[in-house]
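Trainee: The domain 'ABC transmembrane type-1' feature in TrEMBL is assigned to A:95-284. Feature annotation from TrEMBL assigns transmembrane segment to A:35-55, A:97-123, A:135-155, A:161-177, A:216-241, A:261-284.
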Amino acid sequence: MSSLQSKSMEVEQIKIKEPGRFQQFWRSFHRKKPAVISFYFVLLLFVIMIIGPFITPYDAAEPDYNSLLETPSLTHFFGTDEYGRDILSRIIAGAKISLSVSVSAVSLGAIIGTMLGLISGFIGKWVDKLIMRGCDVLFAFPDLILAIGIVAILGPGLKNVVIAVAFFSIPSFARIVRGATLEVKEMLFVEAAESIGAGRMRIMLKHIFPETLPTIIVYFTMNVGTAILAAASLSFLGLGAEPSSPDWGAMLSVSRDYIGTAFHLVFFPGLIIFLTVLAFNLLGDGLREMLDPKMKD
Amino acid sequence: MGDILIEATNIKKHFPLKRGWFEEKRAVRAVDGISFQIKKGETFGLVGESGCGKSTTGRLLNGLIPVDSGEITFKGKDLSKLSRKEWKKYRQKMQMVFQDPFASLSPRMKIKDILKEPLDIHFKQMNSKEKDTLVMNLLEKCGISEFHLNKYPHEFSGGQRQRIGIARALILQPDLIIADEPVSALDVSIQSQILNLMKDLQKEFDLTYLFISHDLSVVEHISDRVGVMYLGDLVEVATKEKIFTDPKHPYTQALLSSIPQMDPTVKREPIILSGEIPSADNPPTGCKFHTRCPFATDECKQKVPDKQNIDDDQMVACHLYKS
């Protein structure tokens, strides 16, 4: 009997070494090439964001009047701008601004939007109607117009860009979380939780919220791309970062006068914005295919 | 056995149907005025076709859905007028086991957390170690080794999950377990294991069961008394022996004749009911069963039959047995 028990224990021990959920996830994720490449690109951006100041070949803010508007070369890979500042260094320094602005804005929007969506979907009735009509009002404005309006009220500056971008991502998060909540709410385990006496808060946070998390993650990733674009647009319009700071949007804005004579001034900041937004979108797509069981083949 | 643990008196639940503005209002009469008592320590089986209101009855007793009218008396206290919040206290004493073990456990919670959750809700002062020992003891009694504590529901088979579901229902030491088709999603071989487990636990913890099922042989195996439901009405209530050997109501007779016989030499003419089960949003007048009843008379079409006690422990709602 005891040997039988130890045998069964052994079997159990071996079972533990099977790949966990996360490992399985990781393996199948690696089969989706665009998403994987995007993932590493995004990772690289975040690394650059952190170690940026230590790897820039030149000071991003230091003008060099001996090398104005130089085309890309071995000394300046991406060329220099109208003050002789190294564009590669400025793009590296700008990663920090773009990413921190967009990620914090989307986080803020996601937190508020998720709470509203959970409450709306779970409580229903007039609460749901109130929140959803409020979202409809916000949806009625084009994102960027809404953001410009908010920045116009609050005044220009990166902090207010964060608030503006967060504000226009709230309704889309609220709506998408509400949808997921409505679906999960009808599941048997929610009723089971109710039958053991769980309160509304507990059911919302412990049973429904974890089920909506995959949707939120996917949407978060995609929204970061949109937010980068929006933040760059606001900076381009002179409503975000100061024109002299190495923000990607601000760089585009300042150098658009030189588009005919020195195209690399607009090309590289534009390219990096394009690639970053694309990477976040492809990553989000890949994650959605992974996490949404209906899309699995 | 003896004391009445829970008693339902004329409980009704109609689910309104959403229709156009100008059409008359209609409702699905899921439970249409049923009354029964469950005594302490017994197993009351509730059978009927799908859609007859068995599951709704279970949820009404537990307060998961409020009753439209009627009384539910649990240990002498009328629960039907309590608010959702007050009802919560009584939930501790009546727990549910659900039909689908694949859907009734939160997929992103570990078994340990699923089982601890009822304790977290009702015994806030209990410390974590006491909870752990309680959980472990109970899991072992339900046939799951403590080795599995940190696993997620999707790593278990259907039978194991139902054991976990039963453990979750038991951890609050309830008096009444409402089991809503607890074995119908399981393989036949697993069914008997779970049924025997439920019987053992009943002896050990002095439990009372309301056992809802559409499977007559399962009900015969586990019940002491049986209620037969048809279209939101209870047509016959009697001890198991009487229901299975001497059914009175024509519907009960027809149901029983559909059980396959083990002995091929015994000839039994199955009673084939004609027609479909009528829609619950527009039930027939008089006795609801008259459209399919082989003995239906004109009286059945017009008058709703009284619920008569033809014996101490046999109730039947049929005009054939008028005293």
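Heads up, the Cβ atoms here are built off N, Cα and C, so glycines get one too.
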Trainee: Can you see whether the transmembrane segment (A:135-155) and the transmembrane segment (A:216-241) are touching - at least 3 CB pairs under 8 angstroms, only pairs 6 or more apart in sequence?
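Mentor: Counting Cβ pairs under 8 Å, at least 3, so yes.
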Trainee: Apart from its near flanks, which chain residues at least 6 from the ends of the transmembrane segment (A:97-123) lie with a Cβ under 8 angstroms of it?
Mentor: 45-46, 49, 131-132, 135, 158, 161-182, 185, 200, 203-204, 208-209, 212, 216, 219-220, 223-224, 227-228, 230-232, 240-241, 245-249, 273, 276
Trainee: Which residues, given as numbers and ranges, are at least 6 beyond the ends of the transmembrane segment (A:261-284) yet have a Cβ under 8 Å from it?
Mentor: 34-35, 37-39, 41-42, 45, 69, 71-72, 78-79, 81-82, 87-88, 91, 94, 98, 218-219, 221-222, 224-226, 228-229, 232, 248-249, 251-252, 255
Trainee: With a cut-off of 8 Å between Cβ atoms, can you find at least three pairs linking the transmembrane segment (A:161-177) to the transmembrane segment (A:216-241)? Only pairs 6 or more residues apart in sequence count.
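Mentor: Stretch pair touches.
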Trainee: Report, as numbers and ranges, which residues of the same chain sit near the transmembrane segment (A:35-55): CB under 8 Å and 6 or more residues beyond its ends.
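Mentor: Result: 29, 92-93, 95-96, 99-100, 275-276, 278-283, 285-287, 289.
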